[in-house]
Amino acid sequence: MAIPWENPSVGVTRASAKAGGSCKTELKFPPGAIRAPNTLFSLRPSRRSLQNKRLYLAVFAAVLGNFSFGFALVYPSPVIPALEAYPSPALRLDRYTASWFGSVFMLGAAAGGLSAMLLNDRLGRKLSIMFSALPSAVGYLLMASAQGIGMLLLGRVLTGYAGGVTSASIPVYISEISHPGVRGMLGACPQMMAVLGSLVLYALAGLVLDWRWLAVAGEVPVLVMIILLCFMPNSPRFLLSQGKDDKALASLCWLRGKDTDYPPLGNSRDPFIYKPILIAVGMRFLQQLSGVTCILVYLQSIFKKTSVILVTLVGLVRLFSVMIAAVSMDKAGRKILLFVSGMSLSQAGLHRALLHSSGGFTASTASPYPSFPAGYAMGWGPITWLLMSEILPLKARGVASGLCVVVSWLTAFTLTYFFLWPLLRPPLHQLMSAFCPTFQHAFGFCVPETKGRSLEQIEAFFRTGRRSFMR
């Protein structure tokens, strides 16, 4: 078994590879250190590697899947009011069918998370993201050409399935190809693109684009994503786990440049997996328990006549907040943003709970106040996905990320389905508004600070409990 060291002194001889060549390094280990099998050597986050545009291109190609996910998630928001007044009985929604139309997406996402537990480790992260394009494209096509409610629901299930696969694969892919210097910023990109996808859908709906054409528009980012990903490399760490060291090294060279120093990346044998998995699953559960998905799915129905202005305002506030998180995450750290987010959600939740108990279910009590979407998008929105991909050990990352997605979207389905039921709405609203933010704030103490740490340092911390690995 390899002997880990806290501050390895590694002598490195750089060899610049010519175009079409490969990266080669001559490595010298400190006395007594044993190199573990299947150990790869990552690139030090130098200024040159930070400026390599290929890394950002690979991230952009991947997060187009999150753009499509955000677009599909809030698709019912403008469509439900339109279909409730639709002239054809075959497509007209009542309260019962509208509840299914809004929530069945989450069942598909949970199924996608289940399949990602297998796909992530069999196909790899990149191919799993590419695979999600097929059900997504078919789902949008079904909704665009729907002749009955059954086709609409099936389309929602398929787009949800694609969203579940991407929810488990994209954060892991980005985390594994990024270096610590920019992993926080790049890790916030999935949430940022999901918010942007939602905002684009609201904008297109505000332009009086028919619900069928909204589904057609959803095909565009899917097609662009599949084309760009054909030219992107797979995750180096996934290739390493498959014993493909040469391909993993070539992938790192493409992502971070061919003339860079290589410190040790570490090994993935016998990680202590239970604690990080419990933390990741717990964070995903509490994130959905906040009720943000319910509000986003039914946002336009909640606001009614003032929907266009207020829905757009909510989208802009969310986008601005995620951008603040992306800029701050690698400087302030993850934990401080989680605490700030938890306090903001607690304040907004208490305010909404008091108004709901005194004034009933109206736009002012059910809608997210600016502090609610801002607080969520600044912390518990993007950071839970980032931390999931950071703290899960390589050995279990594919399966555990799928498990997190399953728990997340089953929780979202339960809340979204019952959100429109008059008898269950008050207790659900009280739960989401008052209690969940308190749990989120308390749970933040269980999360380690991962700012500036390599994935191997984080894994070593959970495996040994030695905080020296996190310095």
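Yeah, the Cβs are placed from backbone N, Cα and C, and that goes for glycine too.
What TrEMBL lists as domain 'Major facilitator superfamily (MFS) profile' is 58-471.
Packing against the transmembrane segment (55-77) from elsewhere in the chain are residues 49, 98, 101-102, 105, 126, 129, 132-133, 136, 139-140, 143, 156, 159-160, 162-163, 166-167, 169-170, 173-174, 177-178, 182, 186, 189-198, 200-202, 205, 214-215, 217-218, 221-222, 224-225, 228-229, 231-233, 255-256, 293, 296-301, 311: each is 6 or more residues past its ends and has a CB under 8 Å from a CB in it. What TrEMBL lists as transmembrane segment is 55-77 (among others).
Taken from TrEMBL, the feature transmembrane segment covers 97-120 (among others).
Outside the transmembrane segment (153-174) by six or more residues, the chain places 59, 62-63, 65-66, 68-69, 72-73, 75-76, 100-101, 104-117, 119-120, 125-126, 128-129, 131-136, 138-143, 146, 183, 186-187, 189-190, 215, 218, 235, 385-386, 388-389, 392, 397-398, 401-402, 404-406, 408-409 with a CB less than 8 A from a CB of the stretch. What TrEMBL lists as transmembrane segment is 153-174 (among others).
Look at TrEMBL and you will find 186-205 (among others) tagged as transmembrane segment.
TrEMBL lists 211-232 (among others) with the feature transmembrane segment. Cβ atoms under 8 Å from those of the transmembrane segment (211-232) belong to residues 57-58, 60-62, 64-65, 67-68, 71-72, 75, 78-79, 82-83, 126, 129-130, 133, 136-137, 140-141, 143-146, 155, 159, 197, 201, 204-205 of the same chain, restricted to positions at least 6 beyond its ends.
Positions annotated as transmembrane segment by TrEMBL: 285-303 (among others).
Residues or ranges marked as transmembrane segment in TrEMBL: 309-329 (among others).
TrEMBL lists 374-392 (among others) with the feature transmembrane segment.
For 399-424 (among others), the entry in TrEMBL reads transmembrane segment.
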If you count CB pairs under 8 A between the transmembrane segment (374-392) and each of 97-120, 186-205, 399-424, the winner is 186-205
